[in-house]
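*Asks:* The following block contains the structure, expressed as structure tokens.
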């Protein structure tokens, strides 16, 4: 009798993939099921004689595919379907499973598949999400499956899962335990090191391609076709690109001279526009035809029903387009956007980013670098199970990746860490802070070694200043703060309005490639007629930041007499207006596009013009006591440095657009290396933020999150609520009563009635709340018993089981010994009974037996803080233990968004 009880307990033991077997009883008698390791001994003779692919019987496909597409799971789980086993009575006992490929014809396709299968774990989700399922069940949380698209992760579950893993690791004693713990602690450092190196390599390749492509619009290098103008003319006397014989303009190459005037060659103009058109159009086509098509799950409301057939709409997701930072913020806040950080998105974004920046469009590559770095972090995290199968831990790595992206974009490792902390990260513990810093340092050092520009600089617009600022200039810096905040806020508002009312409500939405072509032709035409806008954006920022010295190349931006200032200011004013307007119509098109460089460019133009005006005052009134008290009257050329004004104006405008403060100050400091200019930069940035907040409440990334309806809950924001917890509580949600007969068909009907794929069902015992099961887990459990167990729709499902029936059996801590015992005991129990009337299956393992609850009298501010601080997916509302309702995170977000719209109106 004791042996029989132990055998029944062993049937509940976790299987090889970490998901407990679904227990089935018939007429209150448990069905004995063979263990997966012993099942291969009892295959029938026809299975061997027909050369059947026995590997497919035990194949475990990835969960996410079936959850997205709504297709049934094929052999998911750990028992084959009934059709997989022969009904022949001539079973062969003791026959060992043949080697893979036994009795099969060898083909190259089979060989490639055999090689690719081990690699598949690094390219997609496979296996069970919770490896140690029974340990998770013992904690009361229930096991989880892979999260569905656009659903919320369970931060608490992932935290408990990590503590269970660490506790199990620390239970190993001796030298082996010390070695395993050392390896486990080093995995995070190895991972961020690899992320930093790979990010720098891709950034170096993009930078080199951009420099070559930008110069290709003007001509090519006859000596080395893949050299840009700088490298081609590097050894020219005086490094004079104008007198470089190796550099050939397109009009010279084709010997066509169509002069519009002495400065403009029409053939060079058409070549300039044509090359820009080719780059931008190719990038738009690559983004469009390499987009991902996301199919909603069977719980989604995105369904079309015709002639009693349900079709799920497939929507193209152009994940490689845009900046990517709003979506990265949404992902780091705990939402899942499948494919956004995948391999396809990575290579498409890196390739098309180089194309569109080389085309000369008013966009930058610094923002997309953050997206690219997060793609690298997401892909490389699959190398280690503790990050691959824990979405909470994975987001710590993504925070470090974002820091590496800013580090290679601005040569600012410290600024990158602060950017990740201030702007994008939702959960940022101290351990992540140190690893982010290490990742940013590795990325910056690697890019320094690569030296993509051949100048020893990581970014083109790195500058140094020798002169200090003067007291009378503080008024100019205050003016730049106000002007930068105003320009940044207006730019945000115009971009939002253009996207909302023009791009999303006209024919441009259906023809993204045509929009890109129109924008690039307009931009190239406007850029060519102005010598400042004709150069690349980074080159223009570099010359605007540059200090006027005898050794520096000023590109005509330095004035040595008062009469030179008016012409420079006029060209800079035209350049600022053209960049401002083209930025409005460019940011948001369906190609990679960042806003850092356009914002810096607009602010730098405004700052340089103000600096030139102050310099004109020093030329005109050299004897004024304001100037003579701090400047030498004989050296008024050196009294004011317009490059400093450009840098301060650029920082102020970028602060007005993004609302960054501390991180932006550090980034500008690391760019210039001038500690003496930190005070005017800090002053201008702070004033710009105040002015911009007074005009538009949020920065560009928060505005885009709202515009795109991303489910983002800002943990740093403060909300003034007027409702109560009971008002927001959803009390009409369907529940599962453990006292009722819940069949598979009944549960499937309830699932179809769900409009929110992120919701679930409270489990009650009469009026008392006893648990909660999410829709993902319930759908997975139903598909498991239908496909792997071949149970009918009338099967009754239980959601509450005695505690002693789901705990690990005592005396079976060693899994290997337990498996051997199971194999010996279960060899005698092979026959499955399917001719009974009442079948019962158990879903307790998927049930959250300890859902977080609050009283119906709790303040809504307390509920909001619980969602923000704990990252909850849902919270149940009770009254003295009795179920009242449930509040889901997306429901809370809808309420807060409507509340914000009412306050703004």
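Glycine residues also receive a Cβ, built from the backbone N, Cα and C atoms like all the rest.
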*Asks:* Looking at the candidate ranges 319-341, 595-617, 618-640, 710-732, report the one that TrEMBL labels transmembrane segment.
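*Replies:* Matching range for transmembrane segment: 595-617.
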*Asks:* For the feature region 'Disordered' as recorded in TrEMBL, pick the matching range from 37-57, 58-78, 79-99.
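*Replies:* Range annotated as region 'Disordered' by TrEMBL: 79-99.
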*Asks:* I'm validating the feature mapping. Which of 230-249, 290-309, 510-529, 530-549 is tagged transmembrane segment in TrEMBL?
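*Replies:* In TrEMBL, residues 510-529 carry the label transmembrane segment.
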*Asks:* Over the domain 'CBS' (846-905), what is the model's average pLDDT?
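*Replies:* Mean per-residue confidence for the domain 'CBS' (846-905): 86 out of 100.
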*Asks:* Quickly jot the same-chain residues contacting the transmembrane segment (346-363) by Cβ under 8 Å, restricted to those at least six beyond its ends, or write none.
*Replies:* 202, 205-206, 209-210, 212-214, 216-217, 275-277, 279-280, 282-284, 286-287, 290, 320, 324, 371-372, 375-376, 379, 519-520, 523-524, 527, 536-537, 579, 582-583, 586-587, 591-595, 597-598, 601
*Asks:* Where DSSP helix means H, G or I and strand means E or B, what are the helix, strand and coil counts for the domain 'CBS' (846-905)?
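*Replies:* Residue counts in helix, strand and coil order: 28 helix, 17 strand, 15 coil.
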*Asks:* For the transmembrane segment (397-421) and the transmembrane segment (565-589), check the count of CB pairs under 8 Å (sequence separation 6 or more) and say whether it reaches 3 or more.
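*Replies:* Contact between the transmembrane segment (397-421) and the transmembrane segment (565-589): absent.
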*Asks:* Other than its close neighbours in sequence, what residues sit by the transmembrane segment (369-385), given a CB gap under 8 Å and a spacing of at least six beyond its ends?
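*Replies:* Long-range Cβ neighbours of the transmembrane segment (369-385): 121-123, 131, 187, 191, 194-195, 198-199, 202-203, 206, 323-325, 327-328, 331, 341-343, 345-346, 349-350, 353, 394, 397-398, 400-402, 404-406, 408-409, 424, 443, 592, 594.
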*Asks:* Flag the pair the transmembrane segment (510-529) / the transmembrane segment (433-450) as in contact if three or more Cβ pairs fall under 8 Å (sequence separation 6 or more).
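*Replies:* They are not in contact.
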*Asks:* Excluding the flanking five residues on each side, which residues at least 6 beyond the ends of the transmembrane segment (644-668) place their CB within less than 8 Å of a CB in that stretch?
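*Replies:* Apart from its flanks, the transmembrane segment (644-668) reaches 406, 410, 412, 414-415, 418-419, 421-423, 463, 465, 469, 476-477, 480-481, 483-489, 491-492, 541, 544-545, 547, 595-596, 599-608, 610-611, 614, 677-678, 680-682, 684-689, 691-693, 698-701.
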